[in-house]
Amino acid sequence: MAQPILGHGSLQPASAAGLASLELDSSMDQYVQIRIFKIIVIGDSNVGKTCLTFRFCGGTFPDKTEATIGVDFREKTVEIEGEKIKVQVWDTAGQERFRKSMVEHYYRNVHAVVFVYDVTKMTSFTNLKMWIQECNGHAVPPLVPKVLVGNKCDLREQIQVPSNLALKFADAHNMLLFETSAKDPKESQNVESIFMCLACRLKAQKSLLYRDAERQQGKVQKLEFSQEANGKASCPC
């Protein structure tokens, strides 16, 4: 089974544009605020963005998918250290003709970004520079956490993008690298770890008011990933 590969990147506090949205949960006797983390998934068409969101949010692989038109999102409520958090995963179109009218909308108030490429298609890997440029060009703060995901690693005989090349790219852009397969049920835990690591990091950040006060005092610190002996990325929870 392919494992998360640790680069030299770090996940850092999101910008003051909004650590998380809030909603009220009335399922309990009293209303409780639930934080919502918006994570967008970006990359070429047919790299498996939709399948990754299905695998994480629903635990399944769709029998049939169609090209995403504009943007779609799925949600999953998770519990981290006793707190319910709603992870909202935005699945974005990879084709230019479907993106133009929606691009500003799905970059707005984003908390984390997942860049996806197909390990069996070198062009999807080389196009990552274009996607990173688009992300940077839409006012996504540089401190918003970003990770790189190589999908379809179950197709071992067709792999065109070697892990060492992808890791070098991830390091150069201060990102963590994960290699996985949305299709292979054995990789479902690996897919979940991508989004859960981001959710854990976002949750670990202090409240906006307290963090902004620290920023004014110059005390905001990076949140670093630790490296375990087996090379896996270690989450804070």
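Every residue, even glycine, has its Cβ placed from backbone N, Cα and C.
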- Item | Stretch carrying motif 'Switch 1' according to Swiss-Prot (options 59-71, 150-162, 176-188) | 59-71
- Expected hit for motif 'Switch 2' in Swiss-Prot across 72-91, 92-111 is 92-111
- In terms of DSSP three-state secondary structure, what is the assignment for Asp91 (Mg(2+) binding site)? strand
- Taking the Cβ of Asn46 (GTP binding site) as the centre, count every other Cβ atom within 10 Å, in any protein chain shown. 16
- Item | Spatial separation of Asp91 (Mg(2+) binding site) from Lys152 (GTP binding site) - C-alpha basis, Å | 17
- Other than its own, how many Cβ atoms are within 10 Å of the Cβ belonging to Thr50 (GTP binding site)? 22
- Task: Using C-alpha atoms only, work out the spacing between Ala182 (GTP binding site) and Asp91 (Mg(2+) binding site) and round it to an integer in Å.
- Result: 14
- Length of the line joining the Cα atoms of Asn46 (GTP binding site) and Asp91 (Mg(2+) binding site), in Å: 12
